[in-house]
Amino acid sequence: MQETGVHNGAHGADKFGLKNLKGIYWNFGAPQLYEHALRNGEAVLSADGALVADTGVFTGRSPKDKFTVRDATTETTMWWGGNQSITAEQFETLYQDFIKHAEGMTLFAQDLYGGADPSFQIKTRVFTELAWHSLFIRTLLRRPDRADLAAFVPELTLIDLPSFRADPKRHGCRSENVVAIDFARKIVLIGGTQYAGEMKKSVFTTLNYYLPERGVLPMHCSANVGPAGDTAIFFGLSGTGKTTLSADPNRTLIGDDEHGWGKDGVFNFEGGCYAKCIKLSPEAEPEIFAASSRFGAVLENVVLDEITRKPDFDNGSKTENTRSAYPLESIPNASPTGRAGQPKNVVMLAADAFGVMPPIAKLTPAQAMYHFLSGYTAKVAGTERGVTEPTPEFSTCFGSPFLPRDPSVYGNMLRDLIHNHNVDCWLVNTGWTGGKYGTGHRMPIKVTRALLTAALDGSLRNAEFRTDPYFGFAVPTALPGVPSDILEPAKTWADKAEFDKTARALVGMFQKNFAKFEAQVDADVRAAAPDVKIAAE
C-alpha cells in the first residue's frame, strides 16, 4: 500500500481494520485535493476558483437513515424517542462490509479537531473515498498544526464511502443509504450518499453526546462577539439565517453552526462555514459571496454557466439546498481562536411560515426555555430530502436530528446558563410577513439586521414594548428606521380575520407540541406557553 503525506505511523489505517488498500493520501491540503478531485472527475472549477461538486440523488441529509448502536450504556443515556437504533452485531457486520468494500481503493485521510477549546475537543480522523469530501471536512473541522500530525492519535473515526450500498436486511437499516454511529467504539460509518453535510453533522452528534457529561452545552447555533466583548448566540435550524446574521461586518464571527457553552464561555466546534447559497448575492451577503467566490471554497449542487463557468446562485434546478463550504479565515473578521466569553444575548431564529410572529420579541428566561424546547421554525426547502416548500416544524432545541440525549438535558443546561450569566433572550422571525407562505413575503433582511443591532447594542432595552396577545412575549412598538406596521404582524395582513384564525391555529400547535415536555419542566415554563384563551379575547 502506498501512503503519502504526514501522519502518525503508529496509528495508521490498519488500526481500524482497513487493509488491502491501494493507497492513502494523508492530510492533503486544498491544492492537492483540487488536483485529485478534478483528475478523478469528481468536481469542476468555477471561474472564481471554487471547487464545484454535485451530490447526486442525495442533496440533503437523510435523518431517517441515521442509526445509533443500542447497548447497555446507550440504553439509558440515549433519547430513543428521537433516535433510531441498530444492534452492536448489526453495526459490526456493517463495519466489516465497509472494510471489505474499501479494499483496493485509494482513500483520503484527514486528522482534525472537533472543537476549538483544547480541553473539550475530540481528535477526529476521517477516511473518505472522494477527494472533494476530504477537502470539505478539512474545511469544516479544525486543522491541527502540521507539526502535531506526526503524533496525532484519533479518538473518533469516520469512514465515508459513497459507493457503498447498505443492505437493510443484513445491516438493520432502512435503505441503501446509511449513517451509523457506535458511541462505545467511537466509529461513524457513512455510505450511499455523496451529501457532504452528513460528515459534519455526525461529528456534531458525537459532541452532543459526550459534552453534557463534562458540563458543556452543545448547541446548533452561530455566534459572534461585538467590540465590547459582548458575545451573542443565534439558535436556529438550517436556512433560518444563522450563517447570514452572524456574518456581521461590525462583529467578530466565532462560527456559523455548532458551538459549546461552558464555564469559560463559548467555543466553535468547527473551522469553517457551511452556508446555504441559493439566491446568494454580493449586495445582501457580501462576505459569504466573497468567501464562496475564491480558491478553497467547495460549492455543492450549484449550477455553473456553461460558457463562463460563473456560478448561478439563483438557479435551484438541482436543489434549493445549494451549499458553500469555506474556511473561517475567508471571512475578514472571523476569530482566529474560535473562542469568546460568556454570552450577553441569546437569539432564537424562527422562519415562521404562518407569518403571524413579530420580527423580534424579548423573552423572559422561562419563555426562552419554552421556545428552546419547542424549537419552532419551518422546514426550509431542500435541507432534507422530499421537502420542496416550507412547512411548520417543531425541532426541539433547534436541532432534534442531532440530539443523542433527552431534550431536557440540554434545556436544563441552557436555563442554568441563562440564569447564571444574566443573559438577555430574543425571538426573531426571519420567515414571512404580510401573510403566510404563498401570500406574504420573506422578512426583509435589512429589517432583521436593524432589529438585531438594536438588541445586541442594548438600545432595544429602552424601547417601549407591548405584550403580544397570542404569544405573551414583549414586542417593541417602534424603532428608528423600521416601519412600525411590520412590528405588529396583524397590521401587515389584508385580511385581519384570517390573521386571527391563523395565529390561533399556531398557538394551538405550540400547545399540542409542548404537551410531551410539560411533566419535565417547572411551572413557570409551563406558564410561558402561548395561551389560546388570550388569543380568543
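Here the Cβ of each residue, glycine as well, is placed from N, Cα and C on the backbone.
Given the structure is predicted, the values throughout are model-derived calculations rather than measurements.
Within LYS201, LYS279, the residue that Swiss-Prot lists together with HIS220, ASP257 for binding Mn(2+) is LYS201. Between the candidates ARG61, ARG70, ARG449, ARG461, Swiss-Prot assigns the substrate site shared with TYR195, LYS201, ARG323 to ARG61. Apart from ARG61, TYR195, LYS201, ARG323, the residues listed for substrate, the same chain places the Cβ atoms of GLY60, ALA196, GLY197, GLU198, LYS200, TYR274, ASN321 within 8 Å of the centroid of those Cβ atoms.
Taking CA atoms as the reference points, ARG323 (substrate binding site) and THR244 (ATP binding site) are 13 Å apart. When the CA atoms are compared, the binding-site residues lying within 10 A of GLY236 (ATP binding site) are HIS220, ASP257, out of the candidates ARG61, TYR195, LYS201, HIS220, ASP257. Residues of the same chain lying 6 or more positions beyond the ends of the compositional bias 'Basic and acidic residues' (311-321) and with a Cβ under 8 Å from any Cβ of it are 46, 48, 50, 52, 54, 59-60, 276-281, 292-293, 299, 301-305, 380-383, 388. If you compare every pair of Cα atoms in ARG61, TYR195, LYS201, ARG323, the residues listed for substrate, the longest distance is 14 angstrom.
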